[in-house]
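J.: What TrEMBL lists as transmembrane segment is 49-68. According to TrEMBL, the region 'Disordered' annotation covers 77-204, 646-667. Look at TrEMBL and you will find 130-156 tagged as compositional bias 'Basic and acidic residues'. Annotation source TrEMBL lists active site, proton donor at Glu287, Glu527. The active site annotation in TrEMBL covers Asp420, Glu556. Per TrEMBL, disulfide bond is recorded for Cys484-Cys513.
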Amino acid sequence: MYPPPPLPPRRDFISVTLSPGRSYDGGQGLRRRSFWRKWKQLSRLQRNVVLFLLAFLMLCGLLSYISVADEWKAVGSRSAEGPKVRPANPPVLPAPRRAAENPETFAGLSPQKPPRHFRRGPPNLQIRAPDGDAKDRRQDEAQRRAEAAGEARWEDDAQGSRVSWRGTGTEPEQGPQLPPRKAEAAPRPSPQALRMRNSPASQNERQKAVVAAFRHAWAGYRKFAWGHDELKPVSKSFSEWFGLGLTLIDALDTMWILGLKKEFEEARKWVSQKLLFQKNVDVNLFESTIRILGGLLSAFHLSGDVLFLEKAEDFGNRLMPAFQTPSKIPYSDVNIGTGVAHPPRWTSDSTVAEVTSIQLEFRELSRLTGVKKFQEAVEEVTRRVHSLRGKKDGLVPMFINTNSGLFTHLGVFTLGARADSYYEYLLKQWIQGGKKETQLLEDYLEAVEGIRKHLLHRSEPGKLTFVGELAHGRFSAKMDHLVCFLPGTLALGAHHGLPADHMELAQALMDTCYQMNRQMETGLSPEIVHFNLHPQKSHKDVQVKAADRHNLLRPETVESLFYLYRLTGHRKYQDWGWEILRSFNASPRAATLPSAMSRTPAIPSPGTRWRASSWGRRSSTCICSSPTTQTCSAWTLTCSTRRLTPCPSGPPPRAGRLPSARCPGDS
């Protein structure tokens, strides 16, 4: 038999059907893969990054929703109840007692819409003022009529005005009355105080220049930011911080001192009709105390108008929840509508300067109203800081925890930002209290010795005396412009009987602060300087880093010049102040008013915000007038250069009592 034929070789065939007009390249691009397979193919790092971004976006969306919800709630409340802003929740504080309002109105002022955002801190949103020549002409014409009527009210003493411009008395039958516990009539001011108000010296050329500078600045604020917190001079718009008219209140005493009657009366009208504190808004305890509470108290002292005292007491009551902490160290922020206080969003610490630089205002509020809780709250803070550990020969750290009441960030000591006004208020509280609180004096004297021992150095090659910083035992030749409060404080202490070498140190430091201005191309001090400690021919004493080349119109140098000029009589301090003012006027500024100046070696440029530092009240009466116009014993200046009486001449007075010209023991 024949063997069977071999089987044919096995062949595998693959059938591929191609659509007409399309080609197939064997790739995998047309396959679909599930989202889960794609996710699993990512690396662990890639997956973590994606998850983090998603969580971050969800958090931002939640915060935005909360912010928008609160804003719409506030807007809805305003729409339902009229122009007054009401809190979203019922207020825990009593409604303010409003003074009787003058029926006369200012036709030139158009109604201001309430701000639509209540976020803490100046917002980035710029709300531009509407343009319109016809509207401006109508407002200018109406304002001229209002000013003529206001002038008639100020000059018509026969009919009796609510506020006499150069007197401090308030007519009992026409002025606003306080509740029964405060209804006692105010005594007549001392003859010295009357002479000071009724017989002002005629303005010299320098004073006129100061008044002109203020008028220029005020015109910009009035046109583009009336009733709002701050003006943005470059964009001719405004920004809100608290929505309480910070600039307007900040300038009340300035206008009174400069003799700007029409401007003061117009601002007073706004305070009477528009300044309402029943708002669902967070305010910073320190900033609102020195600018709003201090501004109202200073305006009351100068004008005698009880309206300002009533507003001050209402606002003081709304700040009190900030002191309700386990340690009695106040929170940094408080909602003046709901009464809820809290620390900053990013930490539970407050700065030492903030919690120890509100005492003058709260103590004075208690003295004027007879309500002790204001003074008791701030004096408890002073006692606790006095007994804390962590100091170094009287020098204090920069931060304090509101829960534990203890210093944090130990080992860092400075007289600059976050600690500066603690030392200033030690002395000024001692003076304000009649020089009886020895604990304050002891802390101040110990701190001065600590400054001499640890922070005081001399620069090269000019041998300028300066105050540096100490961080964990290492000295830094860095000095903030804020430190220039120290010459004036030392001089004030020497005037009140402290060692004479305090005045010598004050004069040496004053020379340094002047050189911080003089050695700059613009004649204006930067925010921070560094001093050269090693003699080198090619180096100056003062060196400035690029990030610090700006000036924020701070008042510390000018206030110290005021004290040195008044207490020594040396004309050079007056001339230095005049040089600084001329440097501000010579620097580029917006068409509305000077702003925070940016300094470059070649071209200085204006900043985008104007700080209401009220140069007028420092320059006109402090530098450009005769040293015999007023006495340094008659007033205590706060850290914002507010004018408060230094000490009571007896038991705390009832509301309406006007400041005495001198304190017991003053020469």
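For all residues, glycine too, the Cβ spot is worked out from N, Cα and C.
TrEMBL labels come from automatic prediction, so no person has curated them.
I'm curious about the neighbourhood of these features; can you describe it?
T.: Glu287 (active site, proton donor) falls within a helix when secondary structure is assigned with DSSP.
In the three-state DSSP reading, Asp420 (active site) counts as helix. Around the Cβ of Asp420 (active site), a 10 Å sphere holds 25 further Cβ atoms from the protein chains shown.
Classification of Cys484 (disulfide bond) by DSSP places it within a helix. In the shown protein chains, 28 other C-beta atoms lie within 10 A of the C-beta of Cys484 (disulfide bond).
Counting only same-chain residues at least 6 apart in sequence, those with a Cβ under 8 Å from the Cβ of Glu527 (active site, proton donor) are Asp480, His481, Asp548, His550, Asn551, Leu552.
Sequence-distant neighbours of Glu556 (active site) (same chain, 6+ apart, CB under 8 A from its CB) are His481, Leu482, Val483, Cys484, Phe485, Gly488, Cys513.
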